[in-house]
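Positions annotated as transmembrane segment by Swiss-Prot, on the basis of sequence analysis: 26-46, 57-77, 103-123, 127-147, 171-191, 195-215, 225-245, 247-267, 275-295, 302-322, 356-376.
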């Protein structure tokens, strides 16, 4: 049985206990809900006769492994002084998060990828080159995120890598993955949709395949602004993909293992967070969603289940464009939202972190249910 991680020393127990209990209740609700979904799927698919073929077992192993590993890594990150630098123009309530260890992606991302690679090997009798290629894409994005996190910590400011350099590196990784995908799978340029619709994109697939990991990675990066938000929504989205990808058992395992890894990380990241995933984790999380969607030809389903992430991205784009469009002679424009991304708009409107996170979990769960229903109706 996993022990509850120690309470942060920077707060008194009396002040933090109510928030801790509320955050833990939400975490438990999410964990139980996802567990019920995996058990129901395996029961309906009659997988229990072959435990290695179930979704429940790898999901649980991944969750437990990451949660236990975090008990050693989180204190180490704190000793290494990897404390998060909080943006000065952000919500004032976030200033109390300053000093919380970041770069949490370094322990849940490689653990999930390694377990998925090994599990597919044991379950199918051979290692999956597709899982290996996606793992390389994810590690590339994690490395970009780690470099960005490191620059922020080294400079003690929110200025990490330049946007141009970061996008260039992301584009290189996405292009290499796209090249491998097209070379290894002659049907890679064909995108499927519900009700049997098939879209042969031809050469148009290449720019799309490069864009998707970049868009998904940065969307998750923007979503990672509240305790447990990116980790929880990522766990739901990945499990959704795992459920609908029965024709691709290796990608199914990758999706559910990474979902379990997200939940294991959430054990330490739920409100009030004891560690943040940083760009190391958020960029990697977007990359694994994109890689699975591209390799399985399920870009339509990826778009649906990632709807919240893209709304977060669009809120930032809309805020910038509106500000520029309304700029007056004094050089000051108007804001469309109180603050972008969207979760900060709600936060400044008086919503608590837990209310926002709980609501966003529900939105992604509904989008996931829509994906499953569309797959079933097809």
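Using N, Cα and C of the backbone, Cβ positions are placed for all residues, glycine too.
Contact count against the transmembrane segment (103-123) (Cβ pairs under 8 Å) is highest for 275-295, out of 26-46, 171-191, 275-295, 302-322, 356-376. By the Cβ criterion (distance under 8 Å, sequence gap of 6 or more), the transmembrane segment (247-267) is not counted as touching the transmembrane segment (302-322), fewer than 3 such pairs being found. Here the transmembrane segment (26-46) touches the transmembrane segment (356-376). Their Cβ atoms form 3 or more pairs under 8 Å, with each pair 6 or more residues apart. Here the transmembrane segment (275-295) does not touch the transmembrane segment (356-376). Their Cβ atoms form fewer than 3 pairs under 8 Å, with each pair 6 or more residues apart.
The stretches the transmembrane segment (225-245) and the transmembrane segment (356-376) meet in space: the count of Cβ pairs below 8 angstroms, excluding pairs fewer than 6 apart in sequence, reaches at least three. Below 8 angstroms of C-beta separation, residues 212, 215-216, 218-220, 222-223, 233, 237, 240-241, 286, 289-290, 292-293, 333-337, 340-343, 345, 360, 363-364, 367-368, 370-371, 374 of the same chain, each at least six residues beyond the ends of the transmembrane segment (302-322), sit close to that stretch.
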